[in-house]
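TrEMBL has this to say about the protein:
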ACT_SITE  B:T197  active site, nucleophile
BINDING   B:T160, B:K186, B:T197, B:E283, B:N406, B:T411  substrate binding site
2 protein chains.
Amino acid sequence: MSLTKQTDQVKQIETGSILTPKGFQAAGIHAGLKRKRKDLGAILCEVPASVAAVYTLNQIQAAPLKVTQESIAVENKIQALVVNSGNANACTGQRGLKDAYTMRHASAQQFNIPEHLVAVTSTGVIGEYLPIEKITDGIKQLEPTSIEGAAQSFNEAILTTDTTTKQTCFQTVIDGQTISIGGVAKGSGMIHPNMATMLSFVTTDAVIDSVELQKALSSITNQTFNRITVDGDTSTNDMAVVMASGLAGNKTLTPNHPDWSSFYEALKLACESLSKQIARDGEGATKLIEVQVNGALNDEEAGKVAKQIVGSDLVKSAVFGKDANWGRIICAIGYSECKINPETIDIAIGSTMTLLQSQPLVFSEEQATAYMTDEDTVVINVDLHVGEGFGKAWGCDLTYDYVRINAGYRT
Amino acid sequence: MSLTKQTDQVKQIETGSILTPKGFQAAGIHAGLKRKRKDLGAILCEVPASVAAVYTLNQIQAAPLKVTQESIAVENKIQALVVNSGNANACTGQRGLKDAYTMRHASAQQFNIPEHLVAVTSTGVIGEYLPIEKITDGIKQLEPTSIEGAAQSFNEAILTTDTTTKQTCFQTVIDGQTISIGGVAKGSGMIHPNMATMLSFVTTDAVIDSVELQKALSSITNQTFNRITVDGDTSTNDMAVVMASGLAGNKTLTPNHPDWSSFYEALKLACESLSKQIARDGEGATKLIEVQVNGALNDEEAGKVAKQIVGSDLVKSAVFGKDANWGRIICAIGYSECKINPETIDIAIGSTMTLLQSQPLVFSEEQATAYMTDEDTVVINVDLHVGEGFGKAWGCDLTYDYVRINAGYRT
């Protein structure tokens with residue numbers, strides 16, 4: 001495995017996956033929900049894994065989210081996670097709930113584990129019933145392994161209109177033991193007729209209690225998964241799950257552990273990596289946009305301003321047009337409802353300063369356009385000069401293809 | 001003037017304008033900010049008019065808004081309102097403020113009235129200084145009249161990328177006197193390089209004190225101007241102004257006046273008409289979308305849910321694609337943060353019921369598509385069944401042309 005990125009304590013493992021942490025197996029197959037592509041997958045752990053999860057804040061929650069929450073509530077552990085794509089099992093009432101229970105039951109039988117150690121999730125069309133026989137037949141074919149290719153099969157099985165699979169892996173050393181964190185995600189694509197979903201699954205072999213894992217995930221989610229936007233629409237099925245097998249042999253991680261910050265940083269980098277991959281693969285996107293806000297009242301407000309900018313259709317359209325359009329950026333800052341001083345705002349697009357202390361600068365349009373043309377990631381840097389808060393957010397440009405994909409008729 | 005719409009008390013005057021109420025004159029000319037089209041206009045009243053105004057909530061407010069607020073603060077009256085298009089005089093610092101004062105001073109001289117009776121406003125490019133000599137030279141050519149065509153000249157002078165002028169007129173009878181309410185607006189168009197602005201100017205000859213007029217306008221704004229969205233971006237220059245000449249001869253209107261509700265209704269209908277015209281002419285729009293929400297906790301929440309639906313890029317794209325995509329509508333309802341019951345939601349698109357008590361219905365896709373194809377206005381009707389609240393919101397579809405207009409490079 002090649003090493004490509006390194007902080008003091010945390011290494012990125014370019015070719016790592018959800019199977020890099022000890023104790024995990026995966027599978028992905030075609031069960032017949034989609035026409036040809038893989039549409040059913042599972043992650044299985046050798047042992048019941050400590051688990052942490054965050055769910056969509058949409059008040060309309062799909063049936064599998066309810067069943068998964070019920071599973072986790074029993075002992076804060078899961079051993080298997082089963083996912084289908086092609087159908088979200090959302091807005092499907094009592095029958096949908098029954099189908100989600102059936103999916104959980106079939107998985108528990110297949111893997112010979114208690115039902116409450118199974119999490120289920122779905123992504124795809126809203127408002128259509130699950131083809132439950134295809135699901136249960138498919139589950140009988142799921143035979144998770146740790147061989148090369150199994151992670152990739154799972155990665156593929158959870159996609160909807162994503163154009164690429166998304167995975168990440170980081171390692172750090174705790175108590176002299178290498179611990180790994182692997183992750184997979186699917187992005188916000190569109191399945192006819194409805195919005196799909198952000199799903200992220202992270203595995204680790206670190207020894208950690210689910211309570212501490214949940215605290216870490218909740219905190220990190222606010223800085224990573226909750227900082228991306230493709231179109232401002234929060235799905236009914238969003239879910240991020242971390243499973244910790246505890247097979248790495250470190251002493252139990254808590255915030256008092258001397259290496260806690262390394263673990264936290266590695267988990268955060270994994271979630272940030274998945275978040276950026278999701279945003280980059282937003283529907284119709286040609287660019288990843290990263291907004292960095294400095295000098296906000298606090299970190300929370302910095303994140304809020306950053307997300308407001310990256311969520312502005314006008315800013316997104318300008319990036320698509322390679323237009324260093326700082327007026328749209330300051331406009332988004334102005335309606336963010338965060339503390340600002342209208343006279344002290346700096347804005348840079350890449351290395352081009354366009355506004356200093358709220359005064360327009362004369363800048364090279366050519367240089368700015370070249371930057372936005374050549375780079376895959378467009379970085380917008382804002383300094384509000386009202387405090388010490390810092391935060392980032394990620395999104396993508398708004399393109400003709402976004403409209404084409406989402407105006408496409410369902411049939 | 002032809003009569004086209006009538007409630008019990010309020011008549012719509014199809015050909016009426018800002019000059020229908022007694023006491024108003026208007027002008028619109030080409031001052032040279034735009035290449036060819038009119039770009040400078042004025043509304044002048046025979047007498048100082050009671051005034052009410054609402055402004056953008058964006059914390060970045062353009063210079064003319066500050067000067068106008070200063071004018072109005074003196075005695076809550078204005079006699080002249082001068083507008084330029086082509087340049088927003090926003091993010092222009094001290095020099096921008098000085099230019100706005102100069103614009104006000106020149107107007108006061110031209111019309112021979114005190115400076116504090118002049119309101120000024122601008123719409124167009126952000127971050128460029130006003131060509132102030134063109135403005136002051138232009139103001140000297142402004143000779144407002146009440147002849148036919150003068151209102152149309154003004155209507156044209158305030159446009160940016162709007163594709164049509166927008167005006168409205170209603171009449172009602174108060175104390176045996178016909179009182180008129182006329183209005184003009186410009187919509188959310190794009191001027192390179194930046195977002196333009198919602199401007200609405202309403203004239204009336206009703207006798208009413210500015211305090212009561214302000215209360216009425218503020219209340220009505222929440223149900224009309226604040227219920228439209230084209231792209232979710234709140235401009236730095238938004239402004240709505242009502243001028244009341246008091247020449248209709250009615251007794252002073254207050255909420256205790258027996259005909260108050262007729263006046264309020266007429267003013268509301270005028271503002272609603274302008275709001276819908278703005279939304280219909282949103283950038284790239286092919287359809288007006290009206291969302292009606294019934295059964296919310298209260299009227300405020302109904303409006304919030306309606307605006308959330310009409311602001312969803314996914315819903316807007318679906319309307320462009322003529323796709324009766326109720327899943328996107330219920331998703332937007334779910335993240336509106338208003339009180340809902342996930343089990344009791346009804347959704348209709350036109351006359352096609354698609355969801356009843358949160359259960360998907362089998363419906364005719366052909367009928368729904370034909371409706372969305374044939375009608376200029378697509379009505380989405382939602383019943384939440386959690387209370388008695390009712391509210392409407394308006395927007396437009398999201399089209400390739402929206403992206404084209406907003407990705408277009410500034411030069």
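Cβ atoms here come from the backbone N, Cα and C positions, even for glycine.
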Cβ neighbour count (within 10 Å, all chains shown) around B:E283 (substrate binding site): 27
Listed binding-site residues (B:T160, B:K186, B:E283, B:N406) that sit near chain A [CB under 8 A]: B:N406
Helix, strand or coil at B:T160 (substrate binding site) [DSSP, three-state]: coil
DSSP three-state assignment for B:K186 (substrate binding site): strand
Cβ atoms near B:T160 (substrate binding site) (within 10 Å, other residues, all chains): 24
Count of other CB atoms lying within 10 Å of the CB belonging to B:K186 (substrate binding site): 28
Three-class DSSP secondary structure - B:E283 (substrate binding site): coil
B:N406 (substrate binding site) CB neighbourhood, other CB atoms within 10 A: 25
